[in-house]
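S.K.: I have a structure I would like to understand better, so I am pasting it below and will then ask my questions one at a time.
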Amino acid sequence: MTTLTNLLDLDPAQLIAYCGELGEKPFRAKQLQRWIHQFGASDFDAMTDLAKSLRDKLATRAIIAAPAVISDHTSADGTRKWLVDVGQGNAVETVFIPEENRGTLCISTQAGCAVNCRFCSTGKQGFNRNLSVGEVIGQLWMAEFELRRTKGIEPGPKGERQITNVVMMGMGEPLLNYEPTVTALKLMLDDNAYGLSRRRVTLSTSGVVPMIDKLSQDCAVALAVSLHASNDALRDGLVPLNKKYPLVELMAACKRYLEFAPRDFVTFEYCMLDGVNDSDQHARELIALVRQADVPCKFNLIPFNPFPESGLTRSHNPRIKAFAQVLMDAGIVTTVRKTRGDDIDAACGQLAGEVQDRTRVQDRMKKMAEYQEKFGKNFGRIVEISS
């Protein structure tokens, strides 16, 4: 049986090479890429400006398949969360956050996470596997065209774009799944695909120093760093990766990255934990840390979203405001992240949700297989959004 090539796995250069293997010229790859990423098409017969001979070849050798949607929930504040099947009993979550002038999609890069930050529920489920390119970019593909379909907006460049910003802040550490992550980033930025600005795509890392340097050369998008502590002793306990890449190395990597970044600052994410990292002294240590390293930055303070296994609690709002004020008085731009989607477990640090209960996921997948056997393989799947 011939293995079908998932065209969502291919970046622009790879798609040109693939078309070359089929005896086609490079311009066919560009046409194909537009159909896939600008029109959301998965049916080759719908790609009417492709030669029929090419469509026939593709129908027997290729497929366009994003992860199937297991569940779809919308929060009272408009935040929308999809649980998607990435196979072998694994599922990841994708979250859309609508705002007045933009729509941000938070995507996952791994099923589970090996970093195991103390305050993050995703890490508590352990690491299962890396996602493929198609599973990463497929989250954007699925979400963009599902949002358009929901609102009755036509596919293609003329239709109003629903996702204007992408943040790699979902499940997993992006820089520990480097090649698929970078390939997906390149597709996001390509004008023949999604055409997003580098300033509107943010990768968040817990601090994999060598890969930060590599990213600066391969695909320098906006950088966010999960900092969460003002000194090594504290960060060792909250972010175990710090034992391998301590703060002095991380700060130096951030400074090097800014030579190539689309923004002139790094965003430091800081989860506010009551009695752990939220004192004025911690804030003063942060000021000294970034000044000594000479890293232009802004801080995004994140109210902790509690979960039972953490043993941690959220800092009180007055404490968060006081902490922010210390930073701002030192001239550091500081924001406090709004808590969005917490009623559907879509808020920051909560992306384990239904995935954490592996038995329930297996039950849902078994039930889905039964329905597909009865009603056809496409039951419950978003397979064609171009019509």
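Glycine is no exception: its Cβ is also placed from the backbone N, Cα and C atoms.
The active site, proton acceptor annotation in Swiss-Prot covers Glu93, and the record cites sequence analysis as its basis. Summarising the annotation, Swiss-Prot assigns active site, S-methylcysteine intermediate to Cys348 and lists sequence analysis as the type of evidence. The annotation [4Fe-4S] cluster binding site is assigned in Swiss-Prot to Cys113, Cys117, Cys120 on the grounds of sequence analysis. Look at Swiss-Prot and you will find Gly172, Glu173, Ser204, Ser226, Leu227, His228, Asn305 tagged as S-adenosyl-L-methionine binding site, backed by sequence analysis. Residues or ranges marked as disulfide bond by Swiss-Prot on the basis of sequence analysis: Cys106-Cys348. What Swiss-Prot records for 99-343 is domain 'Radical SAM core'.
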S.K.: By CA-CA distance, flag whichever of Cys106, Cys113, Cys117, Cys120 among the recorded positions is nearest to Ser204 (S-adenosyl-L-methionine binding site).
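M.R.: When the Cα distances are compared, Cys106 comes out closest.
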S.K.: Around Cys113 ([4Fe-4S] cluster binding site), which of the listed recorded positions (Glu93, Cys106, Gly172, Ser226, Leu227, Asn305) come within 10 Å, judging by Cα atoms?
M.R.: Gly172
S.K.: By a simple count of other Cβ atoms within 10 Å, which of Cys106, Cys113, Cys117, Cys120, the recorded positions in the record, is least packed?
M.R.: Cys117
S.K.: Please give me the CB contact count at 10 A for Ser204 (S-adenosyl-L-methionine binding site), counting all chains in the structure.
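M.R.: Other Cβ atoms found within 10 Å: 21.
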S.K.: Looking only at DSSP and grouping its letters into three states, which state does Ser226 (S-adenosyl-L-methionine binding site) belong to?
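M.R.: SS state of Ser226 (S-adenosyl-L-methionine binding site) = strand.
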S.K.: Helix, strand or coil for Cys117 ([4Fe-4S] cluster binding site)? Use DSSP.
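M.R.: Coil, per DSSP.
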S.K.: Where the record says Gly172, Glu173, Ser204, Ser226, Leu227, His228, Asn305 bind S-adenosyl-L-methionine, what is the longest distance in Å from one Cα to another among those residues?
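M.R.: The widest Cα-Cα gap among those binding residues is 19 Å.
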